[in-house]
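To start, the structure under review is shown below, and the notes come after it.
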């Protein structure tokens, strides 16, 4: 690989992106609008549904069985008491109930927790043990920001690289480049790096800018979050290389990109949590790089997860990136 | 002169369509070789195989005596028939972009001067006129100071003045002893620029040689033109006149122009609108195929 040729394509692509004001502003304005829109729409109330985490549901202490029959309450099986307590502290769960021991946790600042306690605990009931935690609610916008930024990164990666390369192929730009000593690897690397740093820069600016007004909860490390951003973006750009490998028809490329991006947007937990959804949906969502990026980012921001705690997501993203890039590069055709 | 490019039995098939059907020729170093033919004759397919853009279905291409390889791109300059350039990039930046692809390059100042780009160096490539665009594409083709330059229909769509200006640029390149491979369907362009031409039709070469030699070989007559209204139909069957009518004109093929004019005067034909022209490559193509170059 000749660095001079790589840098030539990289700088030309950067110039093209920066001078294409409509594309640039769309990449910045859209996520800002969504974040502010949701920040204002959900400032006073979070989701209305009652959410109760149930631990060890196989055994049921006296008084629990009747509670579990109630309608309009979402009962979510949980595997870890400690993690679930953190969710109660942050109002992601309104109550945690250890079904076998009869212990339950509510947040003393949560109205939903108070209502659920009244429903669970009948007058004179003594077999249940109350434990109180405290903590401010995680607002919907705090939960949403990794999803919105992830979604924007996904669209920017898929369409900004995949669609652009297909357009280059259709109008003959690639054919002209093929006639030079530039290699496919140099060309593709430049496209990936160009879009990667642009997305990371734009996303960081959007986060920082909206954070000034909204003040997102951040319990983890910004450096770890940046690493998730870089690796997640890289994996989605690599995914777009598969679409870009051979197609020369923009309409087909558009259809395929939509076919990939829409299920990802709906199933990767951008807008709503997949907790409580059918197991098959949760498993299916794990095939998408966006899911891993959002899960890792939320774990860092909301749960204060460390690099080690999100390393499984990062490893999966790196494996996906390698796989996508290998397929995309090996099947790439200039024409 | 030595042979720089040698082509033998070149074939290109696209599915069931045979676009190029066993063409062979060689190109001398420092000459301009033209591939002439109508649209669909196989010129562009042939030249794209020479450039390394298309892989031949059969046949061999030898550059300086050896089969062409990836290094050929370092020594070749290419101007495609249709080329899109990266959008939002200025003329000077585009030239710089392509310069950085090569280890050995010509000075950009010289290219800008040679191809007269200085007036629009800071203009977005999307806002160039047809002639300006072709000059930029020529400059890009010359950026690596190539030994051989491929020009695929470089003046198609240009107005006559822009075409003439472009011919001057090509003649300047010829003066530098570069080898040129030109495809065109303008016979005037081939006649003006090429030292040797190969006329293609249906994927085959149907005639090859220098333009003058080809015309000399196939024609020993000139064409006398008169308005059809001045020539009575009774003359159509005259045994000494090879005459046919088309587009309101009468064309008379004459091996001895003086004798033919005397004959016409004897027939009291008005000669006020008489024109005489030499035979052209277009006539040659018509003669060889029965069709016009642009039909």
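Cβ atoms here come from the backbone N, Cα and C positions, even for glycine.
It should be emphasised that the depicted structure is a prediction, and the values quoted were computed from it without experimental measurement.
The range from A:143-166, A:167-190 that TrEMBL describes as transmembrane segment is residues A:143-166. Looking at A:107-129, A:222-244, the range annotated in TrEMBL as transmembrane segment turns out to be A:222-244. Here the transmembrane segment (A:196-216) has long-range neighbours at 14, 17, 27-28, 31-32, 35-36, 39, 141-142, 145, 149, 152-153, 156-157, 160, 226, 229-230, 233-234, 237, 301, meaning same-chain residues at least 6 beyond its ends whose C-beta is under 8 angstroms from one of its own. Of the ranges A:21-42, A:222-244, A:256-274, A:280-301, the one with the most Cβ pairs under 8 Å to the transmembrane segment (A:143-166) is A:222-244. Sequence-distant contacts of the transmembrane segment (A:21-42) (same chain, six or more residues past either end, CB-CB distance under 8 Å): 139-141, 144-145, 148-149, 151-152, 156, 160, 198-199, 202-203, 205-206, 209-210, 213-214. Within the chain carrying the transmembrane segment (A:313-332), a Cβ under 8 angstroms from the stretch's Cβ atoms is held by residues 184-185, 188, 192, 227-228, 231-232, 234-235, 238-242, 244-246, 286, 289, 292-293, 295-296, 299, 307, all 6 or more beyond its ends.
Nonlocal intrachain contacts for the transmembrane segment (A:256-274), taken as residues 6+ away from its ends with a CB within less than 8 angstroms of a stretch CB, comprise 143-144, 147-148, 150-151, 154-155, 158-159, 162-163, 239-240, 243, 247, 281-282, 284-285, 288, 290-291, 294-295.
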